[in-house]
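*Asks:* According to TrEMBL, the feature repeat 'WD' maps to 39-81, 99-141, 186-221, 309-350, 396-428. What TrEMBL lists as region 'Disordered' is 239-297. Feature annotation from TrEMBL assigns compositional bias 'Polar residues' to 245-264, 276-286.
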């Protein structure tokens, strides 16, 4: 660490690079926190976790006992061990006893992206409810056609206030908070939609994963999906950076053609088609005189060959778009993790190490923008995979039963996990100083002696 500080002071290391390197080193030392404890009021399994995107201070949880709760993760309510261990009790809980509470399990709980004054819950009682945080009252109530598996709101949206809902119905519905009505209905899946995720590069792009094994990309401004991922379409690894690709393209275009290449190009130049006496062009046998190819005319998501493509052999149980919006991580009931290139729609063929995943319910994945790590609930543990090698970098064991959700807090580099044991665990960077960090301190002691 002292080397990075020296390079930063000397101007050899840019501020962003210095910050990313420090954060990446902190993530590598994540362990079960012995200084922060979340006191869970839930009597059922934890299904959803999210820290607000504005302040990074309030944690929202949803559980199968039909309750949702909010915690202040920066200011503890009680302290133990001489003030070393801070306990964080819930600020408030909305449950079955609430006059407008859910009747069955809360499967999803998300914050309104730009303000902590609202949060959204989805439940197995076929309802999506928008809550006022200050009054703990329901502002808007949406009646859905089936169980709600997952809800999501875009963190980039400035032109809409839409809640994407994945339910056991085949259609994806977009609920408009501004009007209190359904804005869109997206049809294409052949079974229930278990997970939904907004793009992190465009406020108009929505990604959905269904029980039919399909992952579909939607532009909500137009009808039909524009991309269906196919696991058989692949590319090896990540694509090169933009600067490197542009330099390669310039180099290839600037090279002059050799004599053999120029003669080959002349031989391949198309000949003009001869017209008959009436002046009409002769069309080749067996081809319909239709202007433009069918692939250009039809929407890619509507082609019969692409419309039945599958991304997993089974239901898609989890989706997570990277912060740059270039890659998509998916998990399926086939216990497979796949990394997709969003631009090309290809499977990058990253061979993730074998991991057991839950097959009967959606799981919440998390990624770290400062390091290429993906946090995946794997039964009773959470594993951090390197997204480019597929190897297990870290393993977090602390839950007594299956883990359902995890959320990585960028502000403090902390990981929050929730499971069937009704516990919310906090994984924080180690505060122990390494030998390398103790170097200057030891020298100062020697000088003092």
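Cβ coordinates are placed from backbone N, Cα and C, and glycine is handled just like the others.
Automatic prediction, not curation, is the source of TrEMBL annotations.
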*Asks:* With the repeat 'WD' (396-428) as the reference, find which of 39-81, 99-141, 186-221, 309-350 contributes the most Cβ pairs under 8 Å.
*Replies:* 39-81
*Asks:* Going by DSSP assignments with H, G and I as helix and E and B as strand, what are the residue counts for the repeat 'WD' (396-428)?
*Replies:* 0 helix, 20 strand, 13 coil
*Asks:* In the same chain, which residue numbers or ranges, 6 or more beyond the ends of the repeat 'WD' (186-221), come under 8 angstroms Cβ to Cβ?
*Replies:* 146, 149-160, 162, 164-174, 227-229, 301, 307, 309-326, 328, 330, 332, 340, 342, 345, 362
*Asks:* Over the span of the repeat 'WD' (39-81), how high is the average pLDDT in this prediction?
*Replies:* 93
*Asks:* Helix, strand, coil: count each for the residues of the repeat 'WD' (99-141), based on DSSP.
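*Replies:* Counting residues by DSSP class gives 0 helix, 23 strand, 20 coil.
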*Asks:* Is it possible to list how many residues within the repeat 'WD' (309-350) are helical, extended or coil according to DSSP?
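*Replies:* Its residues divide into 0 helix, 19 strand, 23 coil.
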